[in-house]
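Chemist: Structure below; questions to follow.
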């Protein structure tokens with residue numbers, strides 16, 4: 001009986017440590033999702049809504065898993081079998097959602113180039129007619145130190161009667177000296193690297209969470225078996241066994 005309790009304690013402390021690490025990882029996931037959302041929102045003209053929704057989903061799943069981990073933490077401390085199995089089941093459901101997120105992120109990563117080409121062509125066509133498009137394109141060219149889509153020659157193709165925007169110019173002292181590189185390549189690296197980070201980061205989190213689920217199931221099964229053994233031996237399955245009364249009646253002299 002003591003050896004069973006000792007093994008159960010080892011599993012208990014292990015899963016408590018893993019659950020605490022899960023809470024830390026989920027907090028990091030929420031912070032990363034918020035940062036990526038802010039970055040993607042800056043270039044919302046050039047990316048599809050799926051990319052922004054992925055950051056929303058990342059934040060939402062992280063918040064749910066933080067509270068779920070705290071619930072599991074309580075179940076493990078109080079050695080409640082129902083809470084432990086419920087924690088493992090709900091955690092498994094959230095892992096399925098994260099697998100969907102990782103698959104979607106890998107799919108989005110593979111279409112970054114085509115998406116940027118399509119979106120940038122629309123934005124450069126509407127540059128002089130749409131103030132929002134103009135502000136977004138200027139911001140991109142200033143931040144990325146680039147000009148046009150593939151090169152500054154794109155401006156002559158789309159707007160032959162117009163001068164280059166000031167955001168295209170490296171120097172304007174003796175006329176506009178445009179940036180030589182276009183904006184497609186740096187934007188592809190920028191969006192692609194962050195999308196790939198969502199995909200690979202989610203996969204790493206999933207692997208760690210599966211370990212947490214497996215250990216929780218083992219803990220629940222061992223705890224259930226241990227309590228059954230205690231009941232069979234006529235002992236209380238709770239953490240503290242109530243003492244029996246020493247005597248039920250006064251002694252007679």
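Cβ atoms are placed via backbone N, Cα and C, with glycine included.
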Chemist: Of the residue ranges 197-221, 222-246, which one carries the transmembrane segment annotation in TrEMBL?
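Modeler: My reading of TrEMBL: the transmembrane segment range is 197-221.
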Chemist: Please identify the range among 56-78, 125-147 that TrEMBL labels transmembrane segment.
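Modeler: So the range that TrEMBL calls transmembrane segment is 56-78.
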Chemist: Can you work out which residues elsewhere in the same chain, 6+ from the ends of the transmembrane segment (85-109), have a Cβ less than 8 Å from its Cβ atoms?
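Modeler: Distant contacts of the transmembrane segment (85-109): 48, 50-51, 54, 57-58, 61, 64-65, 68, 71-72, 75, 192, 195-196, 198-199, 202-203, 205-206, 209-210, 212-213, 216-217, 220.
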Chemist: Within the same chain, where does the transmembrane segment (56-78) have neighbours whose Cβ lies under 8 angstroms from its own Cβ atoms, ignoring anything closer than 6 residues to its ends? I mean 6 or more beyond.
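Modeler: Sequence-distant neighbours of the transmembrane segment (56-78): 12, 15-16, 19-20, 22-23, 26-27, 29-30, 32-34, 36-37, 84, 86-88, 90-91, 94, 97-98, 101, 198, 202, 209, 216, 219.
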Chemist: Look at the disulfide-bonded residues 146, 147, 183 and tell me which residue has the greatest number of other C-beta atoms within 10 angstroms of its C-beta.
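Modeler: Most Cβ neighbours within 10 Å: 183.
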